[in-house]
Amino acid sequence: MRFVIVTGMSGAGKSSVLKMLEDSSYFCVDNLPIPFIMKFARLAVKESANITKVALGIDIRSGQALEELGKVLEDVKSAGYQYEILFLEASTEILVKRYKETRRMHPLSGTGRVDKGIELERRKLRFLKERADYIIDTSRLLVRELKTEIDNIFVQDGTYRNFFITVLSFGFKYGLPNDADLVFDVRFLQNPYYVPKLKSKTGNEPEVRDFVLSLEQAEEFLTKLMDMLLFLIPNYIAEGKNQLVIGIGCTGGRHRSVTLANEITKRLSATEYGVKAEHRDVEKG
């Protein structure tokens with residue numbers, strides 16, 4: 001029997017993940033009182049002929065009982081029941097935005113600020129995150145991308161490295177991306193904006209792509225950058241990092257940075273790491 005505990009930050013997607021698992025024939029229970037977990041594990045094993053996949057949702061709503069969870073999980077493991085913990089994470093900025101969009105109160109914020117409740121929850125759940133077998137940061141994931149990750153881990157039994165890369169193109173004229181871990185300035189390349197037939201196009205279109213990638217400096221930059229990234233990424237993983245945002249900036253964020261972000265994403269896709277491209281400013285004038 002596969003026994004998965006789904007937990008993490010409120011607003012990070014736990015309910016969505018439980019629904020995805022339920023759609024994949026998991027027997028799902030959300031917010032089961034912590035003292036009942038051992039009984040639940042025993043019952044699930046007893047019914048394993050009929051129930052082969054189980055998912056249990058646990059979150060901050062467990063209140064004071066959450067402090068007992070560590071001991072309960074140790075007891076479950078000591079009794080011979082194997083489980084996996086999936087921890088769903090997201091940045092404070094994204095969680096605040098999600099709460100504002102849904103007009104819901106954070107369970108720990110009371111009548112105060114949402115961000116204060118989020119930081120308190122983050123501290124209370126730190127011990128669970130440290131125990132997690134899988135950590136997924138949903139800050140930049142679309143629902144379908146999250147489903148792909150869940151299917152890979154819990155449905156198709158694929159491998160998962162707890163690490164996801166976003167290659168983000170942007171325009172310096174609109175400011176630096178707040179969440180970028182690494183930023184590279186590609187304004188040293190010839191600008192397609194000043195080529196009349198390319199001015200109105202973007203780096204997503206083949207004419208601009210061909211122009212940028214035909215530049216000798218572009219290929220040299222890509223080669224050196226890939227060498228550096230393939231050195232850095234395993235070391236980031238070794239230090240416990242689970243996501244990397246690589247900012248690629250040009251003047252307006254429409255031509256050079258878009259092409260190079262797409263090309264870097266393509267080259268990283270040939271490795272074992274999960275990666276996607278985002279273009280922050282491509283639609284801006």
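Cβ coordinates are placed from backbone N, Cα and C, and glycine is handled just like the others.
What Swiss-Prot lists as ATP binding site is GLY8, MET9, SER10, GLY11, ALA12, GLY13, LYS14, SER15, and the listing cites sequence analysis. Annotated GTP binding site per Swiss-Prot: ASP59, ILE60, ARG61, SER62, in sequence order, evidence recorded as sequence analysis.
Cα of SER10 (ATP binding site) to Cα of ARG61 (GTP binding site): a span of 9 Å. It is GLY13, among the binding-site residues GLY8, GLY13, whose Cβ has the fewest other Cβ atoms within 10 Å in the structure shown. Candidate binding-site residues: SER10, SER15. Fewest other C-beta atoms within 10 angstroms, SER15. Least crowded of the binding-site residues (MET9, ALA12, ILE60), judged by neighbouring Cβ atoms within 10 Å of its own Cβ: ILE60. Listed in sequence order, the residues ASP59, LEU88, ALA90, THR138 complete the 8 Å Cβ shell around the ATP site centroid, once GLY8, MET9, SER10, GLY11, ALA12, GLY13, LYS14, SER15 themselves are left out. Neighbours of the GTP site: apart from ASP59, ILE60, ARG61, SER62, residues of the same chain with C-beta atoms within 8 angstroms of the site's C-beta centroid are SER10, ASN31, ILE58, GLY63, LEU66, PRO107. Close to LYS14 (ATP binding site) in the fold, though at least 6 residues off in sequence, lie VAL6, THR7, GLY8, ASP30, GLY57, ASP59, LEU88, each with a CB less than 8 Å from its CB. Comparing C-alpha positions, MET9 (ATP binding site) sits nearest to ILE60 among the binding-site residues ILE60, ARG61, SER62.
Counting other Cβ atoms within 10 Å of each Cβ, the binding-site residues GLY11, ASP59, ARG61, SER62 show the lowest value at ARG61.
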